[in-house]
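Enquirer: Under the heading heme b binding site, TrEMBL lists 195. The Ca(2+) 2 binding site annotation in TrEMBL covers 196, 240, 243. The disulfide bond annotation in TrEMBL covers 37-117, 70-75, 123-316, 202-227. What TrEMBL records for 1-18 is signal peptide. The feature site 'Transition state stabilizer' is assigned by TrEMBL to 64.
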């Protein structure tokens with residue numbers, strides 16, 4: 001730091017003092033774009049607000065994009081890359097095919113951010129901000145987003161297939177998966193609360209509603225009406241049947257009465273180690289909001305590319 005201050009006094013000042021110290025040190029910062037692109041966060045917020053005004057479900061889709069990005073090689077925007085001659089990307093992986101969406105919203109944000117400050121704001125950071133703003137827009141908690149991620153130049157179909165938890169996962173598999181990404185069991189339960197918004201494809205919950213016993217019978221019957229025992233893989237049902245477009249703690253109340261849509265959801269309240277946390281969140285929304293916000297910050301810090309690693313993609317769908 002002393003060397004930097006000395007350099008800032010002489011003719012090197014213009015060059016050296018313009019360097020973002022956090023970029024050099026490889027650390028994320030809440031003020032990363034304050035000078036280089038002060039309008040970045042306001043642009044993201046405006047576009048997200050416009051997108052959700054057209055379709056509330058888009059908020060859940062943007063949160064999911066961020067989650068699926070971070071669980072594959074870290075929060076590096078790799079999920080946004082289209083396939084090319086060099087690699088097959090993550091968009092056609094099992095967890096994403098016919099379900100990952102919101103790419104056009106990210107494109108719109110990127111176009112507007114590039115117009116304001118070209119080559120400065122990463123697609124990975126845009127995903128992170130958009131996830132936070134989506135939760136806020138749907139009446140959920142807010143948090144300070146740490147920024148300074150850079151974008152990957154490649155993506156991995158196999159990593160996406162292997163690293164994103166399956167909706168058929170057991171509790172032990174979920175705990176293991178999250179632990180492998182530096183997230184605790186507490187983080188797992190809190191982050192699963194994102195299922196208080198959004199919808200899921202029939203293909204992801206058919207086995208549960210037709211074959212499992214730890215499910216509310218009336219709930220199973222109602223969901224079957226929109227998810228036949230064969231076919232209709234892409235028909236949708238809300239993950240939270242009570243308030244599907246409002247971010248709250250109803251998801252946990254649903255689990256307590258065996259109305260979790262996904263097998264992996266109900267695993268959180270099925271006589272196991274996470275039952276007590278589900279119960280706590282079902283009765284204390286503020287506690288859930290606090291823990292969810294903290295867990296989102298923690299998740300968004302999974303193996304980010306910083307400093308000179310990666311690049312700032314000008315088009316989120318392809319490397320420069």
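The backbone N, Cα and C atoms fix where each Cβ goes, and this holds for glycine too.
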Enquirer: How long is the line from the C-alpha of the residue listed as 'heme b binding site' to the C-alpha of residue 316 (disulfide bond), rounded to the nearest angstrom?
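Expert: So the Cα of residue 316 (disulfide bond) lies 26 Å away from that of the residue listed as 'heme b binding site'.
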Enquirer: Work through the binding-site residues one by one (196, 240, 243) and name whichever has its CA nearest to the CA of residue 202 (disulfide bond).
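Expert: Looking at Cα distances from residue 202 (disulfide bond), the smallest one goes to 240.
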Enquirer: Can you grab the distance from residue 64 (site 'Transition state stabilizer') over to residue 196 (Ca(2+) 2 binding site)? Cα atoms, rounded to a whole Å.
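Expert: One finds 12 Å between the Cα atoms of these residues.
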Enquirer: Residue 243 (Ca(2+) 2 binding site): which of the disulfide-bonded residues 75, 227, 316 is the nearest Cα neighbour?
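Expert: Given the candidates 75, 227, 316, the nearest one is 227.
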Enquirer: Of 70, 75, 123, 316, which is closest to residue 37 (disulfide bond) if I measure between C-alpha atoms? They're all disulfide-bonded residues.
Expert: 123
Enquirer: Using the CB centroid of 196, 240, 243 as the Ca(2+) 2 site centre, which other residues of the same chain sit with their CB within 8 A?
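Expert: Leaving out the recorded residues gives 195, 197, 238, 239, 241, 242, 244, 245, 246, 247, 248, 250, 251, 254.
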Enquirer: Around the Cβ of residue 243 (Ca(2+) 2 binding site), how many other Cβ atoms lie within 10 Å? Please give the count over every shown protein chain.
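Expert: Around the Cβ of residue 243 (Ca(2+) 2 binding site), 17 other Cβ atoms lie within 10 Å.
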Enquirer: Tell me, if you would, which residue among 37, 117, 202, 227 (disulfide-bonded residues) has the fewest other CB atoms within 10 Å in the structure shown?
Expert: 117
